[in-house]
Amino acid sequence: MTNDHWGEAHTVAFTVFSLSTTIEAYIYSISYLATGWVVTPRYLTALLTVWPPLWLLIGGAVAGPLSDALGRRRVLYLTLLMYVVGAVGLMISQGYVMLLIFLSLLLVATGGEYNTVMTAAHEYFPSRLRGRLVFLILNFTNLGGVLAAALTLLNVNPMMQRVALGATLIIILPLLYALRRMLPESVLWLEAVGKVNEVNTIDSPHEYTVRIRLPPTWLRVMVGGLIGWAYTAGFSLLALTLGPYFLPSLTNWLILVFSTAALVSGVVIGLLADSVSRRVMLAASSLGSTLITLILAFTTNTWMRNLGVFWGLFTVFSILINAYFLTEDTLKSEYWRVIRRGTYTALVRVISLGGSIPVLFASAYIPMKLYLLVDSIILGVGAAASIVWYIVGVETGKGISVRAWGLEDA
């Protein structure tokens, strides 16, 4: 499946993974849009805003080791079953407690599935196209945000919004099942666990690979955790929780504008992924995102009087933070040995998602200008980690095969 010739298996893999990332963002966005479905006190609104990273964390922590032990394909069947139960429950749930329960089930499923897709996407495509295709697959998360926000902006009551969102998942599930039946197991994983007799020789990799020695595991975990934490917390504070906390009438529009700007720009960024250094793109996008957030913090009084200024800055932020997201998610899932890729990808996601939870919860109780300053500091931490990787890391993009570090301990 990773040979240099494009075939049906590559098309199926790209389709399956792209649909998975679309659904991940769709469900993730629902959790923030749901703050408008029920009347809740401030502290419960804060709880709902930290609900998504908590359950995504749990889903990824479970699915990561499972995908290494059982295979990438089998885990995708498990998450599909959880989608069915969660989507039905979302449509029939009454009250805050039931809403949280079924949202948590959907989030565990999508957290596990997203971790599996991040892991597997590096193992299915020719190395000359790997970076480009992984970027484009991850960019479909923005399509999920567009769809969720657009549905909630329809002039219908919250109950109908919930039914529409849940029904959309139910309708697409048969297609997901059919496509996953067509998806072969990762050849690299089969080889890594010694199941060479199950590898189709036509689909076996035949890539010439130069060995690359990576920095130590602890450094990769630290960098992956910090850049992931900076993105998760930094993006969420501006695109997802700024609305519920300070601008409730704009919550849906913030998600829609962000997702649209990110989706369109992400196509261009994705097409450049194999020709631009991964380290350069990571450092540049993280520094740019930090700068725009600082400008927003120091011009709060100006853009509160003129929202046109805010939307202009917010659009630029959306493009830059999306470039950062595509790069950091690709990096922190690619620089591991095949047999441990799922586990280590889950580990750095636990760090990033877990670290964002106290930040999102505590930020509900501070003034907006301080809130934006905190966001810029968080993104600054990610920029610092990106610069560290630029200095001491190695190039993992520009057509380099993941087999280049196949002999590393982790």
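Each residue, glycine too, has its Cβ placed from N, Cα and C.
In TrEMBL, annotation is done automatically, which means it is predicted and not curated.
Features of the protein shown, as given by TrEMBL:
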type     : residues : note
DOMAIN   : 1-410    : domain 'Major facilitator superfamily (MFS) profile'
TRANSMEM : 12-31    : transmembrane segment
TRANSMEM : 43-63    : transmembrane segment
TRANSMEM : 75-93    : transmembrane segment
TRANSMEM : 99-121   : transmembrane segment
TRANSMEM : 133-154  : transmembrane segment
TRANSMEM : 160-179  : transmembrane segment
TRANSMEM : 221-247  : transmembrane segment
TRANSMEM : 253-273  : transmembrane segment
TRANSMEM : 280-303  : transmembrane segment
TRANSMEM : 309-326  : transmembrane segment
TRANSMEM : 346-366  : transmembrane segment
TRANSMEM : 372-392  : transmembrane segment
Whole-number mean of pLDDT values that fall within the domain 'Major facilitator superfamily (MFS) profile' (1-410): 87
Seg_contact(the transmembrane segment (309-326), the transmembrane segment (280-303)) with at least 3 CB pairs under 8 angstroms, min sep 6: yes
Intrachain residues whose Cβ lies under 8 Å of the transmembrane segment (99-121), provided they are six or more past its termini: 13, 17, 20-21, 23-24, 27-28, 30-31, 34, 37-38, 47-48, 51-52, 54-60, 62-64, 66-67, 72, 75-76, 78-80, 82-83, 85-87, 89-90, 93, 133-134, 137-138, 169, 186, 189, 329, 333, 341-342, 345-346, 349
Proximity verdict for the transmembrane segment (372-392) and the transmembrane segment (133-154), three or more C-beta pairs under 8 Å: no
Closest-packing stretch to the transmembrane segment (253-273), where packing means Cβ pairs under 8 Å, from 12-31, 75-93, 133-154, 221-247: 133-154
Proximity of the transmembrane segment (133-154) to the transmembrane segment (12-31), 3+ C-beta pairs under 8 angstroms: yes
